[in-house]
């Protein structure tokens, strides 16, 4: 083929010269319009164009098939379901070179597999030949051994043949005798079964006839109705009575219904009709319905409600109560909901609630006291001695700074034996003094809370109250509180009018003020003695003591001196070196060192006793206060102290009290009333002030805890996370860090390890010695948690003079600011005829086409209200702001 030029080739292919030159360039051949093209170059261009325009290497075909499936539904209606099946297939175009390479690899793989197969066949043939040779040798050995065994067996068979014949003859004879006995027994059983079946059939027929006659005549059953028989045969009568008892027993006992059913394999016991009648009488048919019978009445007498005696302990779960009443737990829960209490099946309820529920459901309740062990321990005490006169126990109360402490100091310094070395070394909280007319025991600082709790627990620890009132100050709030405590305790009051030596003293005013609260002097016809004293000068102290002894003589105070002691805890605290220490006032008996005492939730052996001077004593009689050591823990102020015989029983009683206190507490906490349920649902978030409280004595802990808990409101609550007696330890600091609480120490300090934790965790630690300062600061902390009060304040008014349309904002109100200032980012209200018709915010605030943040009084502006286009001339736009006002707790 001759060479042609680019132009000629372009004319032949009917394309432009530039495109042809570009195609040659793409194929790697550089040509111009006048250059010639050889045949080799043409072939190169054709291959390049074929490769470029060869089409896609992959072809995907998709096919969808739709069909409808009818599914039968409920109510006889069918349901149509559309089903679509999608199929997808992909074809890949292989490269010729790739196809040749794959074919070569497949051929090589087939040859390798063929070679491996031939080698495997040859190896298998060799192994089979070797195995056949081994098996032939083993077979020859086995045949030789079997031949030897057969020969030996032949010899044994000949020798034992005669013995076997003898044994077979004997066995055949025994078998024949056994078969004969079995045939005889079966014949007897068949005859007896036929007789019983006939008797039962006759009895059943008689019973049916009797029932039919009874229901037809509608007659009342008589006493001899069970003795009615329809046959004269004695055996038939017995079978009839037995059948009646079985049927009636099956009706009366639902649990023994299985016993009344016919056995599965007993086909000859009764006929098919009889078996159906028995099944219908014992249990219901399919679906709970009884199978009808033409000869049996379907009426059944309703069961009478069973009233049971329900024994209820101090606590019981709902499930246990249901089991005692033999009802379902859901019925008990329903009854509790009717009474207004929500409960679950496993919830513990108290004795009163369980009693109400059981009586509501018609049962008789027997309340059981579970403290038999405690009563047994308390009754095992030798307290049968005669009562003797005892010293009075006096509590001195009064307002702050009225000279109460000075009066006590003067009495102690003058009446305590002066020969005591070191004087009063310890402040025990109670002490006794000797006078010419007798002994008096004073309670120093019981605190009002401890005083009230002792009276509430029935501990007759206080006999007389000395009310100290300053002659120059008169009756103060705490004086009134002391009078209320004395009246609640129903104890006589002796009034000591102190500071009588001051020039401004006015004892008559004190009498007049006290008379308003029911404290009348004897000269006015009352029962209270008034004594004028001066704690500073010592005036009237002897008269006060004589008045106390006179009042005690009127009361005729007596106590048993011999026997096992009992008393009350005046104060308790935890000493770092000695452990739990309790100040005990003995009420009766004599307390000895080494006695086993039971004190509330605690118990122990008295290891040491000390009097108010800090001296060791071996015994303490009635009205004597002592410190005792050796208890298992710190008891609560006001707890009863009792001496018992056995330490093991004392421990059991203490543990029982702890567990019972916990159960009763949980039962009362879990009790939720229906009327409170919706209130609890609607309550919002309640803030809590968590406090870990430590104080020097138990009385301070109780008083501070009660005062703080009374500060709680609906929005902020005070929560005492932990409290105790003694210094602040590392455990207290860790507890405060975990619960985000405030550490409060009242007359105590934190140790070194606790201070490290407090510094590391940045805890809030506060020390106090005055309870009023503590309460004020907790109030301030609670006030900070109150949500602020929101108040709306109007800051500007704008009157709409005209309304314009804007393509961007919609209706624009042309306004004149008449009052205050209009700010862009504040909420607004639209008023029409002084009625609010819209509340929202501004979208645009302009003045002379400029966006501004505020427009003041007397200036015009354009206002665009967001999401509101119904602004009219004459409307008023009110701009306001929301102010937060911090609230405080009163």
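Keep in mind that glycine also has a Cβ here, set from the backbone N, Cα and C atoms.
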- Pick from 490-493, 494-497, 498-501, 502-505: which stretch is listed in Swiss-Prot under region 'G4'? 498-501
- Message: With respect to Swiss-Prot, which of the residues 487, 779, 808 bears the note N6-acetyllysine?
- Response: 808
- Task: Fill in the CA-CA distance, residue 398 (GTP binding site) to residue 808 (N6-acetyllysine), as an integer in Å.
- Result: 80
- Which residues of the same chain, at least 6 past either end of the region 'G4' (498-501), have a Cβ under 8 Å from a Cβ in it? 402-404, 406-407, 468-473, 507, 532-537, 539-540
- In angstrom units, rounded to an integer, how far apart are the Cα atoms of residue 500 (GTP binding site) and residue 808 (N6-acetyllysine)? 90
- When a 10 Å sphere is centred on the Cβ of residue 401 (GTP binding site), how many other Cβ atoms does it contain? 12
- Reduced to three states, what secondary structure does DSSP give residue 404 (GTP binding site)? helix
- Task: Sorry to bug you, but what's the C-alpha spacing from residue 808 (N6-acetyllysine) to residue 404 (GTP binding site), rounded to the closest Å?
- Result: 84
- Mind telling me which of the recorded positions 404, 808 has the densest Cβ neighbourhood, counting other Cβ atoms within 10 Å? 404
